[in-house]
Amino acid sequence: MFRGTFAVVNLQAITRNVENIIGLLGPETKLLVAVKAAGYGHGIVQAAQAVIQGGGHALGVASLEEGMELRKAGITAPVLVFGRVPVHGLPVAARHRIAVTMTSNWEDEGLGTCDPPLDVHIKLDTGMSRLGYQDPAVAVNLAKWIESRSDLRFAGLYSHLACADAQDAAHLTAQVARFDKALRVFEQHGLRPPAVHLANSAGTFRNKALHHDMVRVGVSAYGYPPSPDFPLPIPLQPALSLFAQIQRLAFIDIGETVSYGATFTAKRKTLVATVPVGYADGYFRVLSNQSQVYVRGQLAPVIGNVCMDQLMVDVTDVLGIQNGDWVTLYGQAAPDEWNQVEFLKHPETEITKYVEATFAKVATQPAVVSLDTLARLAGTISYELMCALSERVPRIYFHG
């Protein structure tokens with residue numbers, strides 16, 4: 001915290017987002033929330049706890065290591081690994097009661113015994129062209145092989161939608177048709193997967209017919225739509241805010257430049273604020289001379305190239321600006337109480353409590369700088385910006 005940069009993760013927002021999503025589901029449909037990639041940058045354990053508090057049934061991770069991290073934290077909810085787990089990792093998954101996705105023929109790879117029995121989901125590739133089986137007949141044979149073993153349990157059948165957020169529904173329609181065909185093939189062989197799941201966030205919001213036994217959401221649990229223009233049927237609250245304290249205020253004259261490459265030249269006498277956030281923190285360099293931050297109730301432009309550890313802001317028009325003022329890079333506005341004097345009143349050991357107590361006043365407010373806005377400027381998606389938030393940025397968790 002000595003650097004003057006931190007993020008606030010609003011766990012209350014995650015919980016409420018999960019509750020709102022569950023409100024869209026039928027009584028027989030369960031909710032799995034992806035907490036992979038450090039909970040989309042929010043913290044895997046903390047995000048998982050907020051999801052469970054909101055009524056989420058299961059958690060999705062990318063790797064066995066992520067699942068084990070949840071188990072070591074005492075989280076007992078069902079966990080599904082989306083990615084490949086090698087054969088030698090399967091008994092480990094079984095011991096930790098972590099379900100896995102079958103992506104290869106384990107019989108050919110010499111699978112040993114799993115104790116306790118391992119829950120296995122089979123993934124179909126219906127148009128994502130990433131993981132899964134393209135031929136339903138192959139998947140059926142694998143399901144039969146799983147059921148022939150006492151140490152494996154056929155726990156589910158699923159696929160992943162590539163374009164559920166697109167206005168043109170052609171790709172979505174084709175994927176759904178392939179998935180439905182596969183379900184019929186399974187039925188013809190007397191197989192009923194215990195859990196059928198297809199819908200991601202966009203699919204969940206778009207069509208209840210895609211809900212099946214379970215839906216899998218990711219970005220929506222953290223407060224953002226699948227894509228910026230996607231219509232949301234429920235309110236979502238962004239759960240991640242990034243703040244930094246102005247380190248230096250200095251005027252430059254007309255003709256003087258800012259940062260590496262001198263990409264900004266002052267056209268007037270300009271008051272420049274130096275803010276301790278850079279691309280090493282996950283604030284992309286491509287945002288140079290494009291993005292805005294929020295300070296003292298208004299937006300101010302980032303000027304010059306974003307550096308590794310700092311960026312500069314034109315605060316000439318910000319009334320009352322002072323060294324030590326707190327800037328919002330994205331998320332909710334910094335509370336009015338946050339200033340250099342107030343922070344100095346609290347010892348380092350009490351800063352977290354002070355931040356959590358004062359953040360309560362803005363916790364339910366809309367974002368003053370949206371990750372969707374920054375993502376558009378950077379030519380990417382909000383998911384990437386969330387996941388890019390560096391480990392060196394301290395997270396303060398607001399529980400509400």
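Any Cβ shown, glycine's included, is placed from N, Cα and C.
Here's what TrEMBL has on this protein:
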MOD_RES   Lys36  N6-(pyridoxal phosphate)lysine
ACT_SITE  Lys36  active site, proton acceptor
BINDING   Arg130, Met308  substrate binding site
DOMAIN    239-398  domain 'Alanine racemase C-terminal'
ACT_SITE  Tyr260  active site, proton acceptor
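Shown on the structure are the features that TrEMBL records.
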{"residue": "Lys36", "record": "N6-(pyridoxal phosphate)lysine", "Cβ within 10 Å": "20"}
{"residue": "Arg130", "record": "substrate binding site", "Cβ within 10 Å": "11"}
{"residue": "Tyr260", "record": "active site, proton acceptor", "Cβ within 10 Å": "13"}
{"residue": "Met308", "record": "substrate binding site", "Cβ within 10 Å": "11"}
Confidence summary (mean pLDDT) of the domain 'Alanine racemase C-terminal' (239-398) = 96
By CA-CA distance, flag whichever of Arg130, Tyr260, Met308 among the recorded positions is nearest to the residue listed as 'N6-(pyridoxal phosphate)lysine'.
-> Arg130
Residue pair Tyr260 (active site, proton acceptor), Met308 (substrate binding site) - Cα distance, angstrom, rounded = 11
